[in-house]
Amino acid sequence: MPRLPSSIYGSGKYLMLSFFRFFENFSVAARSLELCPVYGNRFNRFTGDFVAHPNVQQLLGAIWYEGLPGFKRKNIVGQCIQVAKLGVMFPVYCTIYMLAPNSEYGRFMKKPFVKFICHSSSYMLFLTLLSLASQRADYLVLEWSGITWLQELVDHWKERERGSLPSIIEFSVIIYIASLIWAEIRSLWTGGITEYISDLWNIVDFITNAFYIAWISLRFSSWYIVQRDYNSGTDPWYPREKWDSYDPMLLSEGAFAAGMIFSFLKLVHIFSINPYLGPLQVSLGRMILDILKFFFVYMLVLFAFGCGLNQLMWYYAELEKNKCYHLPNGTPDFDGQERACTIWRRYANLFETSQSLFWASFGLVDLTTFELTGIKSFTRFWALLTFGSYSVINIIVLLNMLIAMMSNSYQIISERSDTEWKFARSNLWMSYFEDGDTVPPPFNIIPTPKHFMCWIKRCCANRDRGSIINKSREKARQEHEAVMRVLVRRYVTAEQRARDETGVTEDDVMEIRQDISTLRYELIDILHNNGMKTPRISMQDATVAGKKGKVMERRILKDFHIGIVEGIIKDVISKENKPKDVFSQIAKAIVRRGSTEGKKRDWNALVRTNTVRKDPIGTTAEAQTRTRSRQSLRLHILDNISSRTIDPQKLLEFNPQLAAVSPCTRVAYAKFMRSKIKSDFTEREKKSRRSSDFSLEDEVFDAPKKKEGCKRCSTRSFRSRTPIPETSDDEGLNETEIQVEADVEDK
């Protein structure tokens with residue numbers, strides 16, 4: 001493939017606005033968008049504005065709601081009813097797809113929005129099972145039944161709770177967890193580790209699955225320990241209050257609780273599609289960095305004061321502990337020493353001290369905790385001083401600093417929250433555009449006839465080692481070539497469209513002038529052949545000026561001094577027989593002759609008088625009318641911008657590009673451009689005065705009298721047909737035809 005110009009990659013937003021127009025298949029367009037070189041690894045950083053563009057959002061919305069015509073035109077009630085139907089019927093759709101993927105309902109299941117509803121419904125069912133498991137719904141149902149033998153069964157289960165096997169609901173949760181882990185493994189295998197960890201929600205899923213795996217492992221470890229103790233003749237079932245602090249059953253419950261929390265938090269990702277909750281979720285996600293910065297400083301302060309306070313209070317905490325555990329068997333005396341049994345943990349070790357300081361930030365630790373047994377007055381004073389310093393630094397300084405940081409971050413983020421939300425929503429949409437992972441958990445772990453056929457083909461086909469990698473590379477190469485062809489076509493089409501939409505250009509004017517010049521000579525030739533009297537003009541006389549001609553044209557228009565050159569060389573030679581520099585002497589003579597004889601004739605005024613400017617777009621009168629109109633608009637802006645009585649419609653006439661903004665924005669634009677408008681107004685006024693002075697001077701100018709022996713030379717004209725570059729300071733020189741007529745007297 002040929003290498004594209006760098007301007008294509010530099011203007012990626014403009015290049016990709018109509019990128020999808022070349023695709024007839026929406027799924028191919030979505031895949032090509034991900035492979036486009038404009039995006040690459042910088043998709044999240046540089047293409048937010050492109051993805052949030054209305055054209056792109058309209059296209060993505062059309063792809064997203066494909067297969068559901070009229071869904072967006074329904075009211076909220078109709079949309080909820082249709083979504084509820086799809087959610088309730090997702091097991092039926094999944095079953096049909098597994099049995100007949102190419103059927104009508106099977107193809108309907110592959111639509112992006114239908115796939116999203118089925119996956120979301122499956123996940124909501126998983127969260128429902130988690131809620132039932134946390135509330136021990138199986139126990140509650142049996143207790144509410146009122147049947148005696150079921151009540152006895154529940155009591156038996158409670159007695160043997162330690163090391164018990166999972167219930168029916170928990171077994172269903174385990175099946176769901178296995179299917180979710182299998183889906184994550186497939187995603188990791190398909191996209192690679194780099195693409196997997198680039199999405200923070202994948203990291204959240206990894207942590208969640210790790211907690212669930214720990215829960216399952218510890219749960220079966222507890223069952224194995226209980227069965228081992230039971231087989232050895234030891235009674236392993238005793239009340240929960242007598243369990244060890246680190247019993248595997250307790251650890252498994254903690255891991256299960258943590259996994260449950262992360263699973264419910266995953267709903268935030270699903271709700272990002274909502275136009276009300278989505279921007280809020282994006283803003284909160286962008287403020288996480290500020291929260292992490294605060295917690296780093298907070299934990300540093302907490303650890304520092306925890307070390308110091310524990311150094312002061314550890315001995316007296318030991319006295320309170322001994323006071324609590326004074327019974328012979330080493331059990332705490334909560335009845336007689338309730339305060340000692342509660343207060344000794346506050347400063348027992350570094351962890352407990354730091355924990356006490358953390359809860360003190362919320363006002364849950366009072367000063368009575370410093371009244372320990374045997375504490376001295378200085379130690380108590382120093383401990384209270386340390387606690388007060390911690391409260392000032394942590395609560396007053398750090399907490400208010402966090403509030404200020406979050407307020408500032410939210411103010412910055414809220415300006416682009418809509419763009420960021422559309423970008424996040426587009427990422428969620430595009431994750432469902434790809435083929436594969438059509439069936440949601442737990443149906444994805446069920447083997448289907450399609451899987452058996454693929455497995456048989458793989459076993460029967462002779463494949464070399466590493467063929468999967470080769471196929472992936474070949475597929476990526478083909479898709480890359482397809483995208484590059486589309487980009488080249490897009491670039492060529494954009495250039496052609498820009499050339500067609502552009503108005504009259506220099507090339508068009510030059511072409512017209514050449515045609516007119518050719519027509520002139522052809523007409524003269526025809527008239528001459530028919531016996532009419534015509535001037536003797538040949539095609540060779542119409543020479544086109546080059547760079548020197550353009551420079552001469554500019555200098556004439558900029559009051560370049562023109563002197564009379566008759567007799568210059570004779571004067572120089574007569575004054576100095578052997579000049580060292582003849583050209584410098586000639587130049588000096590020209591200046592002197594121009595200064596002495598310039599009083600007789602003002603050649604600059606003569607040049608301006610005989611200079612004719614032609615407007616290729618309209619007549620000279622129309623150009624002057626436009627100039628006066630622009631000057632009146634500038635004067636109106638300058639006179640009314642301070643009194644706030646400026647007419648926004650006048651601003652629209654001054655700059656038609658302001659039609660896309662509000663009237664307030666137009667006034668702000670005028671205030672911003674006030675100095676530029678004032679300078680342009682002054683410059684135009686000076687030019688108009690200068691031109692008026694020249695016209696008056698030409699009216700009173702007396703033409704020189706002809707001498708008897710003079711011969712009037714023929715008028716000669718030269719034209720500049722070479723366009724002036726756009727960077728030139730002279731406006732309109734490329735459209736200007738200059739005709740100079742000079743009368744030379746014979747002396």
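From the backbone N, Cα and C atoms, a Cβ is placed for every residue, glycine too.
Sequence annotations record features per position, and here TrEMBL assigns domain 'Ion transport' to 154-417.
Long-range contacts of the transmembrane segment (165-185) within the same chain: residues 126, 129-130, 132-133, 137-138, 202, 205-206, 209, 212-213, 216, 219, 223, 437, 441-445, each at least 6 residues beyond the stretch ends and with a Cβ under 8 Å from a Cβ of the stretch. According to TrEMBL, the feature transmembrane segment maps to 165-185 (among others).
Summarising the annotation, TrEMBL assigns transmembrane segment to 206-226 (among others).
The transmembrane segment annotation in TrEMBL covers 254-273 (among others).
Sequence-distant contacts of the transmembrane segment (294-317), counting only residues of its own chain at least 6 positions beyond either end whose CB sits under 8 Å from a CB of the stretch, comprise 343-350, 353-354, 357-358, 370, 372-375, 379, 382-383, 386-387, 389-390, 393-394, 398, 401-402, 405. The transmembrane segment annotation in TrEMBL covers 294-317 (among others).
Residues or ranges marked as transmembrane segment by TrEMBL: 381-406 (among others).
TrEMBL lists 712-747 with the feature region 'Disordered'.
Annotated compositional bias 'Acidic residues' per TrEMBL: 727-747, in sequence order.
Residues belonging to the domain 'Ion transport' (154-417) score a mean pLDDT of 89 in the model.
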